[in-house]
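First comes the structure, then the notes that go with it.
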Amino acid sequence: MAAPRQPEEAVDDTEFIDDHHDQHRDSVHTRLRANSAIMQFQKILVANRGEIPIRIFRTAHELSLQTVAVYSHEDHLSMHRQKADEAYMIGKRGQYTPVGAYLAIDEIVKIALEHGVHLIHPGYGFLSENAEFARKVEQSGMVFVGPTPQTIESLGDKVSARQLAIRCDVPVVPGTPGPVERYEEVKAFTDTYGFPIIIKAAFGGGGRGMRVVRDQAELRDSFERATSEARSAFGNGTVFVERFLDRPKHIEVQLLGDNHGNVVHLFERDCSVQRRHQKVVEIAPAKDLPADVRDRILADAVKLAKSVNYRNAGTAEFLVDQQNRYYFIEINPRIQVEHTITEEITGIDIVAAQIQIAAGATLEQLGLTQDRISTRGFAIQCRITTEDPSKGFSPDTGKIEVYRSAGGNGVRLDGGNGFAGAIITPHYDSMLVKCTCRGSTYEIARRKVVRALVEFRIRGVKTNIPFLTSLLSHPVFVDGTCWTTFIDDTPELFALVGSQNRAQKLLAYLGDVAVNGSSIKGQIGEPKLKGDIIKPVLHDAAGKPLDVSVPATKGWKQILDSEGPEAFARAVRANKGCLIMDTTWRDAHQSLLATRVRTIDLLNIAHETSHALANAYSLECWGGATFDVAMRFLYEDPWDRLRKLRKAVPNIPFQMLLRGANGVAYSSLPDNAIYHFCKQAKKCGVDIFRVFDALNDVDQLEVGIKAVHAAEGVVEATICYSGDMLNPSKKYNLPYYLDLVDKVVQFKPHVLGIKDMAGVLKPQAARLLIGSIRERYPDLPIHVHTHDSAGTGVASMIACAQAGADAVDAATDSLSGMTSQPSIGAILASLEGTEHDPGLNSAQVRALDTYWAQLRLLYSPFEAGLTGPDPEVYEHEIPGGQLTNLIFQASQLGLGQQWAETKKAYESANDLLGDVVKVTPTSKVVGDLAQFMVSNKLTAEDVIARAGELDFPGSVLEFLEGLMGQPYGGFPEPLRSRALRDRRKLDKRPGLYLEPLDLAKIKSQIRENYGAATEYDVASYAMYPKVFEDYKKFVAKFGDLSVLPTRYFLAKPEIGEEFHVELEKGKVLILKLLAIGPLSEQTGQREVFYEVNGEVRQVSVDDKKASVENTARPKAELGDSSQVGAPMSGVVVEIRVHDGLEVKKGDPIAVLSAMKMEMVISAPHSGKVSSLLVKEGDSVDGQDLVCKIVKA
């Protein structure tokens, strides 16, 4: 074997150097050459990838060396290729696997020889510990930057290293005397020494081929996995076995040796913070190692190296137990990932020393004698990887969309493929960058690392930054007392607070709108308003502008808060005027704009509202349809809306609509769900609960009333008005309503509500009904709600005020009339100066309306197209809130041209169902039946005659079954019996048949699926499980869109248009749409380019109009325990089951290999395998559906 070539033996390179200088006269290498007296070589190749070649290239350039990179086809866009002076692909495309390319010894040596390379540095991993590679490099006449091949063979084999330590009288952990290849040998060791043990690959490191086994049941599978991983990673499946030490520290010593037998140490590093035996965070020097133990470890490390004439850089590794006894593990004959922290505390460039030693320099020539080497301060290194800690550190793949590094004093970054646009594949190690920070003390260095981690911005792939931040902030790490299994032993480390990634998620939504248009259901076209809304200026009685920078602080809310619900009710009743409830924030936009007004637009006028309506009875702003629509269509949290509005309007009581035993859902729920919901609503800001039941079922109503009482809210027990009580032939007459009032009063409500949802309460009927109630209950406050569908709303509300009502409903003028509430301006003008004066400033109310006039144009895509009042409502009795939705639904069902027929069918459907009170959800039942009749061309007679064979809408069957309560006068027969066939018939309120919800379990499930859970989340889930889950998934993808101005929520900006998004106080994004790229026929995507705070970002968006074959695998659905998903991206290397096989919980299903790691996919529960969707060799992404396991 040829000896390593030394400078004095080198061939004459004059011709090469002359040619090189002719070609590169102006290169940096020529200018630097004078600074390198020792270096006589000209070109170095690094046989590696990622960050270590870049690290080596930088030092090589400082030493005036030309640099050569090699790369696999999969790495053709990697950064290390660009950082070298020359770069050559290993083999041809498809010739090698992604990892195999970097293990292709002959090919790499061939490239080096063809391109005049003098030195080859192996980096770490891959061929760095391969003696054959080192030997072939030197046999080819080049210099291997590392130990001799003989040293690699003797020390790289951990068994040989162990025998060496025993000869040198260095302590070792009890273990097998040599390598083992058979399971029986491992079994024999455990029979002698017991458990726990550790199985280690005899060649290589980095945690591959390493398994801790704690009992006999795990032994065989762990042995097979360790040998398989070792064979895949290092080409040799040999392993050895040791006794496993519990909670030791992992201390390693950095060594340097020259070609003349000289060896020095560069002190120690503490590498105890590990996961699966792979180092995560390293510290230099070790913080709490006793001085005498440190000195003995350092001396033994040097003794071991000298005993084998160690050359170049290496690391001696030790375990230190809790009694400070230390044991030699191995010597790694290569540079380590964590060499950076030693460089930071010693000031020594280890890579430069490596190269110069390889070139023949002595330690003395380099000034590296032991007496000259000392440490200063501390350094800590973190490895930032594309791993998802919340999913067992499964590697994430994809495109890095944003990459912003940390920096500043004491921060060193050694990067690899961390840059915007980089594609992270499953083929290689997941590390993006090493972040090393130094400080004069351990605590200063620790704080600096935490600051640097928080400063990083990496988007497009998951990273371990949240986990690292949690780790470095843990008290044990702060104390510096971690051990090797600290991460596994400390589950609280995984209570992560991740980066919100708000800007990039927002861009994903904006990009989708730019490519595909708005996806908001019900939107037709784009907003008519293109400019900004001009906010009104309010003036006081003296004509001076009001300061609306802060909200008003005096109103009926203060009476309620200070004196309680009973006193509040007495004060309302004692008030001489008729108060106003403004419905603009809920029912008005529900009736005219499909409930689509967003929180941001309510908040923009909230302070002005608190001043202008300071004397209002309440603001109706929550509950009813706004609750589910917020999540379903606006992608907002209704609780967040309530919290924000409450803060902005502290002086006016907030009123919500509560559907009795339904809560805000469309069907009955268990009683405990209603009580829980009301408690959360009261806590979050609701004051007055307008409780009603769609059928005026007193038993249903009682549940809601008692729940509000328990929550200590204001109970407004509400009776729904339907029909025409002046018509003696109608079902609902005055005695009916008075009897209802008598029953409701028994529940001790604070206020009585009358809910005229269709606007059919005529003025003369209003006088009779309100007057009769007032006469019977002179001390009970009365509040009347109506719609102006017939155009008589103002007259009816004035009649109510004159008859003794304490509060009536109205909406801002621009959102009033038709299916909405009567005009507030008209009511104020009618009552102004009378004994019923509401006490509001008409000028301020009118000023407020200028905002809503503009805003209605912004929401023009949701207009129903109504042009005026519809007195026909007295016939069909369609509720105002339903009428606009019914028009839209009819259009969607292709019945738009049959609207008149639909209205007549609504009357017929109502008669068929027994003339029910029509309000959500019973109004939906009537509407569904009406559309069903029109679609199927059915008459009322047809429905009755064919009821036994027709497939009725679900809502109709639920009503007939009794799931919505008991209607006045009973269910219609024979329709009910015929339609239900074999379904049950309930004769009591449905809640009595429902089991209480397990609210604690719901909270646990939410936390498990989404990382956090509040009681508000539980309440939302209880009302609308599927809607809540869809909303959470949407937010996970696109973030909180409630901060986005409505114009850009509904339509894309113009190219080059700049707009602002305020994420929170003091944090504003300045955005500009730059371009929309062409369609990629391969992916069906377009690239959308935005400027964000002056920085160009891009997002890839699926073009929904493109026809691209969808080859994506189905995903395992969260929450469905029968579906088994891939825990990470990778290749399926083994399938252990087949369809129909019975498995037990924990049985292996398949084995994945990714990023040089293997992972067994286990059965989550016992059952039978079905729908096995993968086979050996398949590539899968994280959460791809592998199979289903049907529970036994």
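Keep in mind that glycine also has a Cβ here, set from the backbone N, Cα and C atoms.
What Swiss-Prot records for this protein:
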- Arg586, Asp587, Ala588, His589, Gln590, Arg659, Thr920: substrate binding site (BINDING)
- 162-359: domain 'ATP-grasp' (DOMAIN)
- 578-846: domain 'Pyruvate carboxyltransferase' (DOMAIN)
- Lys755: N6-carboxylysine (MOD_RES)
- Lys1156: N6-biotinyllysine (MOD_RES)
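Swiss-Prot feature annotations superimposed on the structure.
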residue: Arg586; record: substrate binding site; Cβ contacts under 8 Å, 6 or more apart: Glu620, Cys621, Trp622, Gly623, Gly624, Thr626, Leu657
residue: Ala588; record: substrate binding site; Cβ contacts under 8 Å, 6 or more apart: Ala811, Thr812, Leu815, Ser816, Ser820, Gln821
residue: His589; record: substrate binding site; Cβ contacts under 8 Å, 6 or more apart: Thr595, Arg596, Val597, Leu815, Tyr859
residue: Arg659; record: substrate binding site; Cβ contacts under 8 Å, 6 or more apart: Gly624, Ala665, Tyr666, Phe692, Asp693, Ala694, Gly704, Thr920, Pro921
residue: Lys755; record: N6-carboxylysine; Cβ contacts under 8 Å, 6 or more apart: Arg690, Phe692, Thr718, Ile719, Cys720, Tyr721, His785, Val919
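In the three-state DSSP reading, His589 (substrate binding site) counts as helix. Most other Cβ atoms within 10 A: among the binding-site residues Gln590, Thr920, that distinction falls to Gln590.
DSSP assigns Thr920 (substrate binding site) to coil, not to a helix or a strand. Secondary structure at the residue listed as 'N6-carboxylysine', as computed by DSSP, is strand. According to DSSP, Arg659 (substrate binding site) sits in a coil region rather than a helix or strand.
Note on the domain 'Pyruvate carboxyltransferase' (578-846): mean pLDDT across this stretch is 96.
The 10 Å shell around the Cβ of Asp587 (substrate binding site) contains 29 further Cβ atoms across the protein chains shown.
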